[in-house]
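Listed in TrEMBL:
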type: COMPBIAS; residues: 122-146; note: compositional bias 'Basic and acidic residues'
type: REGION; residues: 115-146; note: region 'Disordered'
type: TRANSMEM; residues: 234-253; note: transmembrane segment
type: TRANSMEM; residues: 297-316; note: transmembrane segment
type: TRANSMEM; residues: 362-381; note: transmembrane segment
type: TRANSMEM; residues: 388-415; note: transmembrane segment
type: TRANSMEM; residues: 421-443; note: transmembrane segment
type: TRANSMEM; residues: 464-488; note: transmembrane segment
type: TRANSMEM; residues: 494-518; note: transmembrane segment
Amino acid sequence: MVLKIFFPQCCNRADSGLLVGRWIAGHDLAVVLAVIHYPFIPGQVKQYIQQMQAQSGVELSVLGSWSLPTDGQESMESFLKDLSTIFPQERWLQISRQIGKMGFTCEVIDQDQNRRVTQQEASKKEEKEDGKSNGEAGREGKEKEEEEEKVIFIHYEQRNVMLSHLHPIEKRAPNPETDVSSELKQTVAHSQPLFFLDKYDDGPLKSTHWQSEGREASIIVELLKQATVPLCLLISWMLSIWTWICNIWILNLSPLRFLSSKLSTCVQLSYRTGHMRTLSSPKPAVEHMHFMRKANILVSFLVDVALGMLLISWLYRDNHIAMLANTLIPAADHVAKELEKLLQWLMGAPAGLKMNRALDQVLGRFFLYHIHLWISYIHLMSPFIEGILWYGGLSACFGLTFALSLLSDMVALFTFHIYCFYVYGARLYCLKIYGLSSLWRLFRGKKWNVLRQRVDSCSYDLDQLFIGTLLFTILLFLLPTTALYYLVFTLLRLVVVLFQGILHLTVDFINSFPLFAVGLRICRPYRLAEGVKFRVLCEEPGTALHLLMEMNPLRCSTVVKTYRTPTYSCYPKDSWVALIQKLFVGELIYPWRHKTTKTD
């Protein structure tokens, strides 16, 4: 039988005394939590352990004695061994460390066989005196020696185990080592009241543990905790006012609600409002996932605001807003002129293709008229462009995501004529595609059954076939002209959608990326662990095997997947095949953000 002893590294050089910890039943292992130094009064030790057991809920007990030889304490080891009668246990661990060696020696004493070592020595003397070898006694002695030698020390860093959080390992068979590590984690975490006793206390007992040099705390953190209480109350009050404004019946009218659901700025505003509600919640974050989500939201918000302030410092320095306004109007005129040239090219013989002259002229003049209207609109708005940019740049005070969302809405506004061209071309192309498919079924003696949602056989008379043939011929010869306009304006629209998609992905990345969790994984990898790993610390002759237990950190990809903040979906979740199919049949692809349910 192998006895595993988890020993904290902070107690390797502790003064001689008693080992306080817990026996974990079923695993044949002991967890050492602290060392109570000599001198002490046994009654006070018992009372102290009972108090700690009541506060922590952990079955604490005196596991044995710890001996570190020093000058003038040669008889300390025998004294500590005699304490096994005062603290009755099924097993009494007598651990000692010799000078000049890294390893420990451990002697396990059973209370039922308290004199086992003496009996073994006496039996060995009798065998030497008699000169007789008893095979059975020799085997028993060897088995007992093997049992005594099968002790493994597992050193662990108490602070790392205390502050770590073990994540379940996905798609792996259950491992008993994982159960042992979780038991160790729970034992150390629940024994926190035991670590409040440090060397600066004036009590009769002194102990060594990971906080024996003083409690680990930060004055800045404590002051921030006290300051967050009135801050959360202020944010809650402001959110209640904002909710009351949003619930006004005028703002809940159908046109305004539809417009707000399509504007990226309004979607981002509602998203940040939900974040502020989560941060200002009076309920403390007891669970680990709730705490990590709050921390990720807070860090993401602070980074977002910091990036927004950097953008503001650039915009309002050296008159960059005026430069942008003076560049925007010529750029819009240049785009309009390029569209005019493109339409003039399409109204001729583009790439040597023979187009339908009449339809080509009608569509070209129709789109040219819209371009002239758009140029007039741009020149009408030109005096107000600088003011719009100046006040719109202030939205970066709320974060870079607000500025990017506003930029996406402005791009959608300034390219509205391209969107109109795309819609006109897509609707006309879709009408012809569906008309040709219906007339093709007419040729085959089929029709679409709307009620049953299937294609059924149908008999047509001669007049219906004649009219269908004429319509099919007309639509078929007009299709290349319509398809060319649809293809050109679809490509232009896809360029705008691609730019807006990059902006939306950037906003969602800032909103959902778990910055706090990733920073914690990089700076303190033991905080987010998926298990433990062991390596041999030392293996000296005459001492037990010593292993070092280390926390196995979680992979960065798993950290991002586990702690990613839920976001609103940006686009319909269509595959590439479905997207190409929509483009082929002429269905509209909407570029704006859809405020739907949150998705992880």
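Note: Cβ is positioned from N, Cα and C throughout, glycine not excepted.
Just so you know, TrEMBL annotations are computer predictions that nobody has curated.
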With pairs closer than 6 in sequence left out, are the transmembrane segment (421-443) and the transmembrane segment (494-518) joined by 3 or more CB pairs under 8 Å? no
Please figure out which one of 297-316, 362-381, 388-415, 421-443 racks up the most CB pairs under 8 Å against the transmembrane segment (464-488). 421-443
Are the transmembrane segment (421-443) and the transmembrane segment (297-316) close enough that 3 or more Cβ pairs fall under 8 Å, when only pairs 6 or more apart in sequence count? no
